[in-house]
Each structure stands twice: as structure tokens, then as C-alpha cells.
Amino acid sequence: MITVGTLIRLPQLCHGLNEMHAFRQTQTAYVALEYARRGINMMHTPLPVLGPNADAPMEFPLVQAAAAVLIRLGVNADSAVRIVGLAGFQAAAILLGILVFRWHGRSTAIVALALYEFSPFGLAWGAAALIEFPAVAASLGMVVGLDSWFRNGTRVGLLAGLVSCWFAFLVKATTPPAWCVLLAVSALTAYLSTRSWGRIVTGFLAGPAIGVALAFAWIRYGDSIKIRDPLTRFLFSGTMHDWNFGSVKQHLDPSTYAPALVRISTEIAGPIGLGLVLSVAGILLARTKIERVRRLGWLACAATAPILFLNLYYVHNYYLIAVFPAIIVTVAIGIVEIAQRARAKDCLVIAILSALVVVGSAAPQDISQWTHNPTTDPLAKELQAVTGPNDLILGVGCGWNPQTLYFADRRGLMLWEYNDVDVWKHENIDDYHYLFSCDPAVNAKEYLPVGYALIATSAPRVWRVARASDA
């Protein structure tokens, strides 16, 4: 199944990135492209949309560095980041299969892998240019490795689990906390068998405890870089608490939880929440205490992330990638449990229920992201036609979305409302030769300093920047 799942995604590796969440995908790809051109230094994160020399460390850029190596070998930048994303997706599939087989048996592992590989959500995002699936793979590596250590004391498992854990917290700090819930379930079930806390304490202290410390150290380091530049200061972690975790008001408002629940019920566990019903049935019908604890663990893992990082899951549907495997496993457990208790043949019931979940989850998904190469960003084509490769460009009306500059293969500065600083005290307007606008309603002239004007070009949304005396 993993081989087939890889083969059906190969055409997607040649797709452009002008699709769902192009902002985040091009942000990842832009860093990889800069690494490939100017050298890989993971202590810095070049993002030339906040100024041509902007350094904006966010997550530890291991995924971007891996993609940069492929770019240097001649792979197209879009494809390179997609390849790394797909590698993470399939590494997660292998680790998921190992863990589900270990805990729940062969049938559940097969169903879980089938749903993982062929669900519409997995097809849409499995080869996306994102860091999410590599982080999921590292998180699953943490659970698989440390579960072996808790149960059997295998040092290979300990080493693999620790390294995976550290990378997970560095690559995407919002992903592994939910998987630590599943790790706690692993520890609990291991204790019920061994009645020993020694290996469990060692695993948690050397794994998640150090992982959290590494994540905080990296965040602190990144903040020290971003705070120096007025144009990247808005990304300082201290200003992003509500963006990540949600405000108190959001947490007290039940409607805030609805988007994530609706997306899970329709995009992953459809149709209309059938998969969630199967998940609950699987838990209630568990035959042993340990089995019930493990099944609850998968559901708790899936629920933890949207609750903990409430606003991120409220705003972005792709954040569900972090717990997608856990949701899939809870559904698979329910399908297999019901099939085993049904009077009909197990395989027939499994096939029918699995097909219902897959087909029922397809309706709200943009499957064209998997099947069709997206069209090129027309504004990027205009910008590329009018400007030269070495021209620095100003952008307005786009937030700090990097996609237009990335698609046009240009560097520059995005001007927007969160940059509430006097930009031209820190940047030289004479370095910037052109300006483009994503929003016709924005008055682009307001972003220029006194004494400068915009001159129309052959592209309707691109202007040349010049001194007013020369206009």
C-alpha cells in the first residue's frame, strides 16, 4: 500500500505551489531556495520578503535544508520541497503501521494504512511543500522508539525515540505535544505489565523534557534574531501567544471549537462524522482494559492539539496534518471492531465501512490539488515580465504572503499593517525599483515616502518607483 500510495503521488511532485495554503508552502520553499543559492546555514532562516536580507528563524529549518540539497542536485525548487514532504508522509506511514500492528494487530494496521494512504485528506496534503509530515514522522518515531524502550528495554528503541523526539520539537514544536499524550499511554500500559517506573522516567526525562528545552532554546534564539530587525519584530514569540494558543475569550466560546470538529467530521472522518461514531464504538467495545486505554489514547492524541493550539486549528485546516494519523487509527479501530462482531464476513464489512469513510470525506476536499497542476499566479507572471532578476520589489495589499515574490523569483519587501514602524528609517527607498499590489482597493502611494511617485508599467498591477521630480 505504501508503494502504491507513493506511485499515485508522483505526478503531484511536479505540481506548482499555487494551491491551498500557498502562503505557507511558498514560505517553506523560499527558505530552501535561498539555502540552495547562498549556502545552508540552519542557524539563519533567509526570507527575502521582509527585506532582501531578512533573517526570520521560526521552526528549525531542517526540512528546508534537506530540500536545498535536492535543489543543488538539479531538482526544481517546488518539487524538492514536495519530495521531502512526501518522504515525511511515507516515513510516518511506516512508523504508524509498526505501532498499530504492535498495539492492535494486523487487521487494524492494514485498515489504518489504507485509510492513511487513500483518504482525500492524505491525497491532498501527502506531497505538499510543508514541514508538517516530517514533523509527524519524527513524533511517531518518538512514540515507536520509546514504546519499545518502555516495554522491552531496547537501547536501540531508546536512541531512536530520543533523536526523533528532539527533531520533532525542533522541526515543528506544535506537533509533538499531542503525541506525548500517546507516549504517556504507552508508558502507562508498559507499567501495567512491568510494574517498573525506571525506564519510563528515563524515557520522559531524556526525551520530551529535553525536547521541550530544545524547542524553547531555539525559540529564544530565533527571537533574539528577529527582535533586532524592526521589519521582523512582529514575529517575536511574545506577541504571538494568542495567535498560537487562542485568547481566553476564544477558549470560553464553544463555537471556536466548531471549525476543527467540523473539518475532522467531514474531511477525515466523514461522511458527516461517521468515522467519529466508529471511533467511539471501537472504544466502547474494547475487550480488555489495556486495549481500551490504548484506543482512548489515540482519541486523546487527536483531541489534544486542536484544544491546546486552539487558534491555529481555528484558522488553518492543514494543521490537522499533525493529528491526521491518530484520527485515522481511531476510525480503523472502530471499523475492525464492528467487522469482527458483525455476522457478515469481516473483509466485506471492513471494505464497505472503509469505502464509506473515504468517499464520504471526499466531498469537502479539493481533490484537484492532487489531480491537477495549479495555474500560475498571474501577478507573478506580470512582475516577472516587467522586472529584472536583480530588482528589489515592494509589495502591498498582500500581508507578508511570499507567494508572488517566490513565483516571480524576486526578492523584496512586503509592506503591511503589522509593520507599524517607519520602514524608510531602516530601508533605502532608492534600492527598490518596482512596486506591485495584490489588492486594487489599497492606495499604494501611501506606502511611499514623501518625494516619491509611482509610474505605470505595461503590467496593470506593477509600477515603477521613482523620485517625484523624475516622474
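Heads up, the Cβ atoms here are built off N, Cα and C, so glycines get one too.
Fair warning: this is a prediction, and the values are worked out from it, not measured in the lab.
Copied from TrEMBL, the annotated features are:
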type	residues	note
TRANSMEM	80-103	transmembrane segment
TRANSMEM	123-146	transmembrane segment
TRANSMEM	153-170	transmembrane segment
TRANSMEM	176-193	transmembrane segment
TRANSMEM	200-221	transmembrane segment
TRANSMEM	268-285	transmembrane segment
TRANSMEM	297-314	transmembrane segment
TRANSMEM	320-339	transmembrane segment
Highest-contact recorded stretch vs the transmembrane segment (320-339), from 80-103, 123-146, 153-170, 176-193, 268-285, CB pairs under 8 Å: 268-285
Message: Can you work out whether the transmembrane segment (153-170) touches the transmembrane segment (200-221), with the criterion being 3+ CB pairs under 8 Å where the paired residues are 6 or more apart along the chain?
response: yes
- line: Same-chain residues at least 6 beyond the ends of the transmembrane segment (123-146) with a Cβ under 8 Å from one of its Cβ atoms are 5, 8-9, 12-13, 17, 20-21, 24-26, 28-29, 59, 62-64, 78, 81-89, 91-92, 95-96, 98-99, 102, 117, 156-165, 167-168, 171-172, 175-176, 178-179, 182-183, 186, 203, 207-208, 211, 318-319, 321-322, 324-325, 365-367, 369-370
Field: Selection from 80-103, 176-193, 200-221, 268-285, the stretch that has most Cβ pairs under 8 A to the transmembrane segment (297-314)
entry: 176-193
- line: Lying 6 or more residues past either end of the transmembrane segment (200-221) yet within Cβ distance under 8 Å of it, the residues of that chain are 43, 57, 60, 142, 146, 149-150, 158, 161-162, 165-166, 168-170, 173, 176, 180, 183, 187, 190-191, 237
Tertiary contacts of the transmembrane segment (80-103) (same chain, 6+ residues out, Cβ under 8 Å): 2, 5-6, 9, 12-13, 15, 17, 25, 28-29, 32, 63-64, 66-68, 70-71, 109, 112-113, 116-117, 122, 125-137, 140-141, 143-144, 147, 294, 325, 328-329, 332
